[in-house]
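Report on the following structure.
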Amino acid sequence: MPSVAERILSEKVGEPVEAGETVYVEPDVIMLHDGSGATALRTLRELGVERVESPEKVVLIFDHSVPPSSVEAANRQNELLEFARRHRIEHVHVDEGVCHQVLVEEGYAGPGRVVFGGDSHTPTSGAASALAFGFGGTDMAFALLYGELWIRVPRTVRVHVEGELEEPATAKDLALTVVGELGAGYADYAVLEYTGLPERMSLGDRMCLCNLATEAGAKSAYVPPKEGPEELRPGDADEVIELDASEVEPVVSVPHRVDDVRPVGDVQGVEVTRVFVGSCTNGRYRDVRVFTEILEELDGPHPDVRIVVVPASRRVLERMTEAGLTLKLIRMGVMIAPPGCGPCLGEHLGVLGDDDVCVSTANRNFPGRMGSRRAEIYLASPVTAAVAAAEGELVDPQDVLG
């Protein structure tokens, strides 16, 4: 039986396709944010053309620089808004949250849909059983112009997870463990397909898994729907990797590689100056709730640690506020930033200085990712981040939490 990716793309192309073939595909969704959108618009101008083939498919989301971090950022966004008006692009989301969160929340990404997005973490939509691919802004200019792009039909690497996670291990620890075992380029131009335990996980946890698939080189990621048609169930896979969830422990990606993954106990005692909770990886309501509860349990943050919490979307912020989490965090001295990418890309709202050591719930820890190239970033779960925020250093949650 063909893989899920082969079946979905065959339906789009109108004839059977196999992994390795190069085909032109018309997606259901063409997503741009304020970064890739600006690049796409500049490319169209350089080509001397300005046309949008399928405006009804275009989704424009401002998330990288919200609110605008500079005059240049404000001008880029204003130009994109004017472009959207000229071409009758109606799906415009300004200051509503991270693009990948909004795509899922607003139902743009859904079972069997094909999403082309101008961001490398577009595979996050695979959590909603969409087949989602990330492209650069230049490629996305041609998606606007022609309503299609060529792709190579990806092979399928299945990660089958048996058993259950044992607290305090989380989906983030599972995701980092997979990246650590596979390595940064292992799944190059593959669909990383999760089966077993991930099929029973919450949507937020599935988004975390699919989001980090990019860091193993995956072109796309996919979790089968809990209930759905047979054509969206797993088929053939080029490779199957099996993991036991009960063996997963709290881990961190140490500077400066996402795939350099180690148990938290191996780096115990590293002093921390910053903690960032948010991003398209771990900025959802449950992430913030768990972080807040643990921070309260451990009597609040260490006095030498500065904390920024960035909700992944306006809906997340609303729910945080309704549940009383926002006020609790503020009273503990935590900075709450507007929904969006925040300091994840090192542009504003909490960038790191030369000597900062940050525990981040995001997805990348390259030199300069969050500010100074001399800063160090440890990627971790909200649980590990909360313990570090309270202790002022990296501590294995298994040693602290009952």
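Placement of Cβ uses the backbone N, Cα and C atoms for every residue, glycine included.
Because the structure is a prediction, the values reported are computed rather than measured.
Here is what Swiss-Prot records for this protein:
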type	residues	note
BINDING	C280, C341, C344	[4Fe-4S] cluster binding site
(request) List, in sequence order, the residues of the same chain other than C280, C341, C344 whose Cβ lies within 8 Å of the centroid of the Cβ atoms of the recorded [4Fe-4S] cluster site. (result) D63, H64, V98, H121, G278, S279, T281, G283, V310, A312, G340, G342, L345, A362, N363
(request) Based on DSSP, name the secondary structure state of C344 ([4Fe-4S] cluster binding site): helix, strand or coil. (result) helix
(request) If we count other C-beta atoms within 10 Å, could you say which of the binding-site residues C280, C341, C344 has the fewest? (result) C344
